[in-house]
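Engineer: What follows is a single structure, and I will ask about it in a moment.
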Amino acid sequence: MERSLQLANRSDDQDFILLGLSASKDIKDGLFVIFLTLYLLIFLENMLVIYLISSHHELLHKPMYFFLGNLSCLEMCYVSVTMPTLLVGLRSSPYHVSFSFCMAQLFLFMSFIGTKCTLLASMAYDRYVAICCPLHYSVIMRPQVCWGLALSSWVGGLLVSAIKTTCIANLSYCGPNVLNHFFCDVSPLLNLSCTHVALTELIDFISAIIIFCGSLLVALASYVAIGRVLIKMPSAAASHKALSTCASHLLVMGLFYSVVLFMYSRPSHVKSTDLNKVLSVIYTVATPMCSPIIYCLRNREVHAVLRRTPCLC
């Protein structure tokens, strides 16, 4: 018991060093300006989406836009978890963070990632009901169901993240204390632990299978069913119109899942590499920036709302 307390105190007093992105000073100055601009752009885009949806009842009461509003809120939250340490690291690398800060960042990041997976699955299910069961759409996707799906996504992400973070926080970190990343992530932290990580690694792997692969299977099953319905449609125009409502979601989902599944659906006690950091930039910066553009670029309803919004004309 005494040894456990000593190890816990050692971990609590531990500072971690984030190496950040590997680049020369001149390149880092340029990257700082680029990522700061992207950070502000992500906030502006997603705030605009939330404003348009919340201020126009014809969008707010449609399940597709209800989930899109949740997704935009989520994008702003989880980019704010990782981007500040990335920016600080570019200005003053290496960057020191406390053990408590590192665990808090890990908890929030994993929570938002899990929530995004389930939200994307909910959006795929919404498209399935809209195309495959159009006559029952308003009954199946009634407000109570939409709120239930959204709430379960947020709460589920929090619960899974709490379990994973607790396991990682209870490990002992005796040194070296250098994280080859720009934020506190699972794999770099497991590499630093001086205690046995097999159980923690197994829990992390199982949760990745359940959350990432489970939600992906739901989304894929929804689109397989949609594909069968589209093939049977007698009119090519009707088929194209139905497919156009799914194209943006398919693109966002494909980009996000392809990177996340590569990163997390495997044992996490692996060597941190610059490739991992590049892939992390893709799903922590690129997808939040592209999502509002992809969803709204060819959306006629959003275009109509934009034209009717005086301050944006």
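Placement of Cβ uses the backbone N, Cα and C atoms for every residue, glycine included.
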Engineer: What range among 107-125, 145-163 does TrEMBL record as transmembrane segment?
Structural biologist: 145-163
Engineer: Does the structure show the transmembrane segment (277-297) and the transmembrane segment (145-163) touching, where I'm treating 3 or more Cβ pairs under 8 angstroms (sequence separation 6 or more) as a contact?
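Structural biologist: These two segments do not touch.
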Engineer: Under 8 Å between C-beta atoms and at least six residues away from its ends: which parts of the chain pack against the transmembrane segment (145-163)?
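Structural biologist: Same-chain residues near the transmembrane segment (145-163) but 6 or more away: 63, 66-67, 70, 107-108, 110-116, 118-119, 122, 125, 203, 207, 210-211.
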